[in-house]
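K.L.:
What follows is a single structure, and I will ask about it in a moment.
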Amino acid sequence: MSARRTGPTAKTLAAFADARSRHFAPSELAAMLAVFGKPRRTSFRVNAMRATDAAAVDGALAAVRQRLSELHARNRDTVRIRRCAWNSHAFQLSDPSVRARQLMDLDAHARGLLHFQSLSSMIPAACFDPSPLVGPASGGADAAGAQPRWLLDMCAAPGGKTTQLVEAFAARTSNVVVANEIHPLRIQRLERNIAALVPEPVRPRVHQVLGDGRRLAVAAHGADPAAIAQSKLPRLMDAILLDAPCSGEGTFSTLEPQTIAVWSLDFVAKMQRLQRQLLDRAFHLLRPGGQLVYSTCTLGPEENEANIEWVVGQHPSLEIAPLHLDLADPAINGGLANFRPAGGPSLGSRSGLPLHLALRVLPTAEYEGFFVCRLVKRAA
Ligand SMILES: C[S@@+](CC[C@H](N)C(=O)[O-])C[C@H]1O[C@@H](n2cnc3c(N)ncnc32)[C@H](O)[C@@H]1O
């Protein structure tokens, strides 16, 4: 860490570096701390629910290109739009000085053709095994005679991942997505994003719930759509995304000191308690055979591997499963297994759990730090 920094941010970062020196190699930690001081490249995805053909995708990209050339009128070749290696609808700008807010007034954004979202944040919703959700062909159509599948996004606002789930698993099927969020102001952003990105005919199958994920329950007497708004789900879920509230170590930025200010090991412990309650609830809401993706944008094992070990210990019918995503991107710095909490044995090696199947993305100029793990509940 730079010795020149002073003040509360520097103190908090020093405490973070001290805690994480038990888990990361010195070179990894130094790289992270350097990245925290630099702007991350802006990324976005083209919304395939609105941009339904190649011409519409090209039109949305042309609008971004036009704005970039206006922003860089004197040197128009310097900002490139790079296509993401593992998501053909995701893009990142080569110049980290261009901020999303400089593009948000584009008509293509207002019309829901573009959504600004970090590349790491696009990973979790893409990790589900699609075949039980949209049929073995994964072509988007319902498997013949299949009942609608139900998906739950437990901590949904502002809705980047909810709208990805809708795009992948509901827009071309009769599936249903329930998006739950506890924060009344944040649910307004969720509503706005759903309204912008999800076409009218699909929206009745996207339910927004203002509630505590820890109190979601399955209604005793089955389907009553009106009860969903009161946190009563009509049935067990086929798939759950738990993108948990966390201490946010992967998004630290000294350019935005508020991302760091709240961090402490006490805060990490508080987040861990909340995450375990949410994980436990997710287990009870998942049908046997269903899948759960757990993700955080933090780096420490307390909120990641240790939670996976805990929930599998509590509920041995849960199994860690491979992610259904080939992350062929050299910018991803991932998959660290065998974390060692201070003084303890390596996580995973103690329990024999295949924690190497989870993904950890270390923060870079392209990616926020992230953790993703997929679990499957064995059918009884
Ligand atoms: C990491 S953010 C989710 C980001 C979101 N999945 C997305 O992709 O846009 C975590 C969210 O969980 C919400 N939250 C915190 N505690 C919660 C709880 N007990 N139940 C439901 N949501 C909760 C926070 O308000 C926050 O919006």
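Just so you know, glycine gets a Cβ as well, placed from its N, Cα and C.
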K.L.:
Of the candidates D107, D129, D212, D280, which does TrEMBL annotate as part of the S-adenosyl-L-methionine site that also includes C155, A156, A157, P158, G159, G160, K161, E181, D243?
P.N.:
D212
K.L.:
What is the separation, in Å, between the Cα atoms of K161 (S-adenosyl-L-methionine binding site) and C297 (active site, nucleophile)?
P.N.:
13
K.L.:
Let me make sure I understand the span of the S-adenosyl-L-methionine site: among C155, A156, A157, P158, G159, G160, K161, E181, D212, D243, what is the greatest distance between any two Cα atoms, in Å?
P.N.:
19
